[in-house]
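Down below is the structure, laid out as structure tokens.
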Amino acid sequence: MAEASAAGADSGAAVAAHRFFCHFCKGEVSPKLPEYICPRCESGFIEEVTDDSSFLGGGGSRIDNTTTTHFAELWGHLDHTMFFQDFRPFLSSSPLDQDNRANERGHQTHTDFWGARPPRLPLGRRYRSRGSSRPDRSPAIEGILQHIFAGFFANSAIPGSPHPFSWSGMLHSNPGDYAWGQTGLDAIVTQLLGQLENTGPPPADKEKITSLPTVTVTQEQVDMGLECPVCKEDYTVEEEVRQLPCNHFFHSSCIVPWLELHDTCPVCRKSLNGEDSTRQSQSTEASASNRFSNDSQLHDRWTF
């Protein structure tokens, strides 16, 4: 019996001699035994510190291709408080705040959701580039994880719990409609510009352009300060200009290239037929907006 006690004491001393690092608290801790959980945040996301642990010193970097390492990297990219808002005391980056909030709320919330022990994450070596305070957040990885959690929490609620998980309370719409990072935002803007391209009035008919009357500028018009609306140059007496059906005057070299692209007056937006092209443009833009919305719903959000 005495020998067993001595052996247990030696084992405890050996464990105590080991150093452990908590990835939630971002510091060394002495884990609670035998569960191996952090005494500050009550999480199991800790690992043993070795001489080559990359998160404690500077130098090169190493990569571990094990499954547990991949999960640890994904978990590190994830903004935990976005999903577990009721567990902010346990996921806060400040150990003092964690201790204070945990004392105020007690362990009732903790035990209601997870039982007597907190959720344990797979323990494995976790490496990232040394000299960096935290890993770079990947929009693609974060989007995938949020989709996974969206499906997991969609219909989950703990009976009798005052805080059932609800994805609708975390985001204001479908997570797939969000732009994850700068890349996602650029893709949306590019698609929107593509939908709105060529939504203005179509080119004017060439016969109508050539049939526009050519008139000469009078002294009265010069005295009124009449100018070309395109180049803003003042007209001179007896200068030849082109007159549109809306009675606006332009230099031929200014208005013809415009009409070859848009059947509309640059001043009043009326077409050569005398119709108001503003309403046509609005209806075309609305149609393009609806097309963009439908395409967004059918877009494969897992392509990156």
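Every residue, even glycine, has its Cβ placed from backbone N, Cα and C.
Marked as N-acetylalanine by Swiss-Prot on the basis of a large-scale study or a structure entry: ALA2.
Annotated region 'Disordered' per Swiss-Prot: 95-138 (among others), in sequence order.
According to Swiss-Prot, the compositional bias 'Basic and acidic residues' annotation covers 98-110.
Residues annotated as phosphoserine in Swiss-Prot: SER132 (among others).
For SER133 (among others), the entry in Swiss-Prot reads phosphoserine, with the evidence type experimental evidence.
Residues or ranges marked as zinc finger in Swiss-Prot (evidence: sequence analysis): 228-269. Mean model confidence of the zinc finger (228-269) amounts to 93 (pLDDT, 0 to 100 scale).
The feature region 'Disordered' is assigned by Swiss-Prot to 272-304 (among others).
Per Swiss-Prot, the feature compositional bias 'Polar residues' maps to 279-296.
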Counts of helix, strand and coil residues, the zinc finger (228-269), according to DSSP: 8 helix, 7 strand, 27 coil
